[in-house]
Amino acid sequence: DFIIMELIIKARVMCLTNDSTFPGFILVGFSDRPQLEVVLFGVILFLYPMTLLGNATIILVSLLDSKLHSPMYFFLSHLSFLDLCFTSSIIPQLLVNLGGSNKSITYGGCVVQLYVSLAFGSTECVLLAVMAYDRYIAVCRPLHYAFTMRPGLCHTLTSVAWLSGVATTLIQSTLTLQLPFCGHHRLDHFFCEVPVLIKLACVETTFNQVELFVASVLFLLVPLSLILVSYCHIARAVLKIKSAIGRHKALGTCSSHLMVVIIFYGTIIFMYLQPAKSRSKDQGKFVSLFYTVVTPILNPLIYTLRNKEVKAALKKIL
């Protein structure tokens, strides 16, 4: 049955790929592995509602419990909203493709997916750096925390994160969609992503590759460098604390965020900064699958399981 299914899917993909009038793209994804598609469909179908529930719970708890009306949870609720939107721009289409022989996506659907996913992904990169700054002030400047992280500054920092994400997707996605594809419809991926679309172009793409690299440095290496600097100062401040309870409390306020940073940036950097020739096509797909499906569900788990305040607020609401 799997062999027959595989032949049918390949035949359909080839027919659509060779049709010059087809108004969209073929998301090849994992169609060469029907058995894997079945497994992924079941796993993602289970994880996606859990992702929606987990992140929606974080937002709800942060809004309803007055004890969580602090900058840390203000930024955390924005992070959860980003994860909700990011996964919802990719996973529904992925489930449709995994669940049947139709692997197509309309041109308009691909454009929307490209703009939206890139905007939310870029915004999250900057927001994680903002959250690291918040933790730096909380640990290294505790007496000035209430004055420094006042509501006006928090709203300004989140606005900068959102606007930077919108700006980069308007520039990067627009430049990518200006490339001629010369009738090529076959995307060897499971969603419309800039590096994959650039590979599909039938002209010289040096400018686009350089632009992609510059954008990756600005939204990956620069925020990550700021995060690392913040945590170096935090580590020095924690080491100066003589009380073991004080050190444990200081580390507890930062450990959840640090885990999210490692998971998120580790996979994104692998995808966007590693030379395309040094990784196989399957590596790129699985790495993208990790940061589009796994990471968004890990964030609420990390913040709820390791955070006493969130767990207490959740129990109170329930």
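Each Cβ is built from the backbone N, Cα and C atoms, and glycine gets one as well.
Annotations in TrEMBL come from automatic prediction, not curation.
Annotated features, as they stand in TrEMBL:
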- 54-303: domain 'G-protein coupled receptors family 1 profile' (DOMAIN)
- 38-61: transmembrane segment (TRANSMEM)
- 73-94: transmembrane segment (TRANSMEM)
- 114-133: transmembrane segment (TRANSMEM)
- 153-171: transmembrane segment (TRANSMEM)
- 213-239: transmembrane segment (TRANSMEM)
- 251-274: transmembrane segment (TRANSMEM)
- 286-305: transmembrane segment (TRANSMEM)
Exercise. Taking 3+ C-beta pairs under 8 angstroms (sequence gap of 6 or more) as contact, is the transmembrane segment (114-133) in contact with the transmembrane segment (38-61)?
Worked result: no
Seminar exercise, completed: On the domain 'G-protein coupled receptors family 1 profile' (54-303), the mean of the pLDDT values is 85
